[in-house]
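K.L.:
Heads up, here are the entries from Swiss-Prot:
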BINDING   72, 102  anthranilate 1 binding site
BINDING   72, 75-76, 80, 82-85, 99-107, 111  5-phospho-alpha-D-ribose 1-diphosphate binding site
BINDING   84, 216  Mg(2+) 1 binding site
BINDING   157  anthranilate 2 binding site
BINDING   215, 216  Mg(2+) 2 binding site
């Protein structure tokens, strides 16, 4: 199949699925060649879905019922705080969340990095994950623990130090198979493709977002959105005004520790207005995608109502349960 990809021929869903199986047994050189060739060719929605389905099927099984997830492809170069992780924590005050993530590959702080900086034990095995989500509505699925099939591929990906198809696949490969999802992408070209891939994978409702260079809902301007409802996909744009929130700039973040402190400040009902508004609109999008909120303005009001003591206690409960 390598020659086919080099010749810029697209793969079917089944071919992409089988390609993942092949990669598990290939040499480092051929894995690197596949990743580079795929990156040069670009990917179709069908290819993305086929690879993601294979990743899910070869992952350690995790049956948690209907859950939500918030994730981004990363690689947008913004060095922003971990907004999708903050949104997942807030969302868990309303519904079950299985946050799938990893340490940083292309940014300063991945979801695993910031959760560890917050004090969580990120290495949660399946049985504990089930108990944790029952008790707290939240669990973290640390990708390296749940995707043993990637052991051959990940060292090559790290050595390449460039974006690959696995930046895109990570947010789709949650072994808990979330029914509800917000998925941020680092390129406008990926919005519709990823929405189609999520539809292929059977999501109930999802929002795929790109905010003028950000793989988040943009607090300073427009965000392109693909809303997935089963097989239906609607494209539209959002601005902070649609949330009833004032526009703010994105303040860069230098480390997981800084991101954790700034997130904690917002959860306490404090923090900079830039961080607060950024988290408000993204958490609202997560509430809407999960069918908790009827619209984005209601989502913001629900989030505002939980910030402060309720979210501080919620975070402490999640941390303590992860470590017990």
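Note: Cβ is positioned from N, Cα and C throughout, glycine not excepted.
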K.L.:
Near residue 216 (Mg(2+) 1 binding site), which of the binding-site residues 72, 84, 100, 103, 157 can be found within 10 Å, Cα to Cα?
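P.N.:
Candidates kept after distance check: 72, 84.
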K.L.:
Ranked by the number of other Cβ atoms within 10 Å of their own Cβ, which of the binding-site residues 100, 157 ranks first?
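P.N.:
Counting every other Cβ within 10 Å of each candidate, the maximum falls on 100.
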K.L.:
Spatially, and counting Cα to Cα, which of the binding-site residues is closest to residue 100 (5-phospho-alpha-D-ribose 1-diphosphate binding site)? Options: 72, 157, 215.
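P.N.:
Comparing Cα positions, the candidate nearest residue 100 (5-phospho-alpha-D-ribose 1-diphosphate binding site) turns out to be 72.
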K.L.:
What does the structure give for the C-alpha distance between residue 72 (anthranilate 1 binding site) and the residue listed as 'anthranilate 2 binding site'? Integer Å is fine.
P.N.:
18
K.L.:
Rounded to a whole angstrom, what is the C-alpha distance between residue 157 (anthranilate 2 binding site) and residue 103 (5-phospho-alpha-D-ribose 1-diphosphate binding site)?
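P.N.:
A Cα-Cα distance of 13 Å.
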K.L.:
Pop the Cα-Cα gap between residue 102 (anthranilate 1 binding site) and residue 80 (5-phospho-alpha-D-ribose 1-diphosphate binding site) into the table, whole Å please.
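P.N.:
Computed Cα spacing between residue 80 (5-phospho-alpha-D-ribose 1-diphosphate binding site) and residue 102 (anthranilate 1 binding site) is 17 Å.
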K.L.:
Round to the nearest Å and give the CA-to-CA distance linking residue 84 (5-phospho-alpha-D-ribose 1-diphosphate binding site) with residue 102 (anthranilate 1 binding site).
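P.N.:
Between the Cα atoms of residue 84 (5-phospho-alpha-D-ribose 1-diphosphate binding site) and residue 102 (anthranilate 1 binding site), the distance comes to 13 Å.
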